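My structure is below; once you've seen it, I'll send some questions.
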Amino acid sequence: VSLQMMKHAWDNYKRYAWGLNELKPISKQGHSSNLFGNIQGATIVDALDTLYIMEMKEEFKEAKEWVEQNLDFNVNAEISVFEVNIRFVGGLLSAYYLSGEEIFRKKAVELGEKLLPAFNTPTGIPWALLNIKSGIGRNWPWASGGSSILAEFGTLHLEFIHLSHLSGNPLFAEKVMNIRKVLNRLDKPEGLYPNYLNPSSGQWGQHHVSIGGLGDSFYEYLLKAWLMSGKTDEEGRKMYYDAVQAIETHLIRKSSGGLTYIAEWKGGLLEHKMGHLTCFAGGMFALGADGAPNDKTGRHIELGAEIARTCHESYDRTSMKLGPEAFRFDGGVEAIATRQNEKYYILRPEVIETYMYMWRLTHDPKYRQWGWEAVEALEKYCRVDGGYSGIRDVYSNRQSHDDVQQSFFLSETLKYLYLLFSEDDLLPFEHWVFNTEAHPLPILDKDDGNKEENQK
């Protein structure tokens, strides 16, 4: 089924928005998000590996030809370093590792080089926004005290290690290792990492902590850096398990109805709200369970299962059986969005991602059952003639579409669904680590360095 869904999403993108970033499936035209500046083709690059894995060979070939002829980074525009890294660099790297086509390696390294000026700050903590023509960077005007954002500068590591690996240029790896140096020197309130860090002073901004937006993928990349290194990156391992310990102590709570959730921390006060983005953490805890210190393995798997259940409840308690952007545990409500501006669903993957990890790591059939419920809901409420659209209010009985088919729907949501219903030997965890946009990157063998020496 996810194959047919992918075909519907892709064919309509091709028909109405080919070469543009995303599709508006109701107006049947292109949609351009300011995150990518003037770079075009986000859906194409994001979907390359999904097309390849689903063996959509014709479509993959068309996409590859578009990349060869039209993917252009010489644009005078400001881009989000984080978004361009996880979608474009990540998508190109995976396409290269899966298909072996040199064009993808070449484009990935070329784009990586364009991103390097973002690190020209007093601390080496990169800017959020970069003009890729002038090399001038700045931060989001709304971010606390001119700070860079933890989830943004903390989600470059996997891709940049691979860029060094594929280009032979150590600079990429040095830039991301330096970010860790800065973080390790700083005092962390209660062992937690605030979401804001000023790239000039090297000091934290507001003491807000979140495992959802602004924080989320930083934690994921600590664990995955260790896994991707063939479990040799001890620093990544230690930072991850120490962080999880602090999260468990200070942020993880149980509602009166028995649902485990991860609250947000604002200067020591808890906000009992969990974002859809935070739902990825169930899969992360389970994935990291195996390496957990002193007999904590069972606890990490259990945490994963509890988060999966809470997030499933957030879906189950809506009219459409699709989860809201954020849901709360206060004033008598549990796992329900109480604010109008949190009731939307934009085709996000995090809950299905957690089901996929939980399925692969436990083989409990309920995860496939829950994934199937999500498929039925997507087909019923999000599928339109011209593709798939997000929903403005999942509690409503009338559909109200937002008219955007996000590139991550093809890259993540549909890929995780496909993997949830595939055999474990498709992209097995012992050989692949997924970046935060679901782009698979190979685990670098401990002796990779020597192999390359011998090949010379």
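Keep in mind that glycine also has a Cβ here, set from the backbone N, Cα and C atoms.
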Between C279, C382, work out which one TrEMBL annotates as bonded to C311 by a disulfide.
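In TrEMBL, C311 forms its recorded disulfide with C279.
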Which recorded positions (E83, E350, T436) fall within 10 Å of C279 (disulfide bond) by Cα distance?
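So the list is E350.
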Just jot down the residues in the same chain as E350 (active site), at least 6 apart in sequence, with C-beta under 8 A of its C-beta; none if empty.
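Same-chain residues close to E350 (active site) (Cβ under 8 Å, separated by 6 or more) are H276, L277, T278, C279, F280, C311.
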If you count other CB atoms within 10 A of each CB, which of E83, D216, E325 wins among these active-site residues?
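Answer returned by the neighbour count: D216.
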Spatially, which candidate from the recorded positions E83, E325, T436 is nearest to D216 (active site), comparing Cα atoms?
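That would be T436, nearest by Cα distance.
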For the C-alpha pair, I'd like the distance in angstrom between E83 (active site, proton donor) and T436 (Ca(2+) binding site), rounded off.
10
Within 10 Å of the Cβ of C279 (disulfide bond), how many other Cβ atoms are there?
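30, counting other Cβ atoms within 10 Å of C279 (disulfide bond).
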Report the same-chain neighbours of T436 (Ca(2+) binding site): residues 6+ apart in sequence with Cβ closer than 8 Å to its Cβ, ordered by sequence.
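Same-chain residues close to T436 (Ca(2+) binding site) (Cβ under 8 Å, separated by 6 or more) are I86, G90, T155, D216, S217, E220, Y221, F280.
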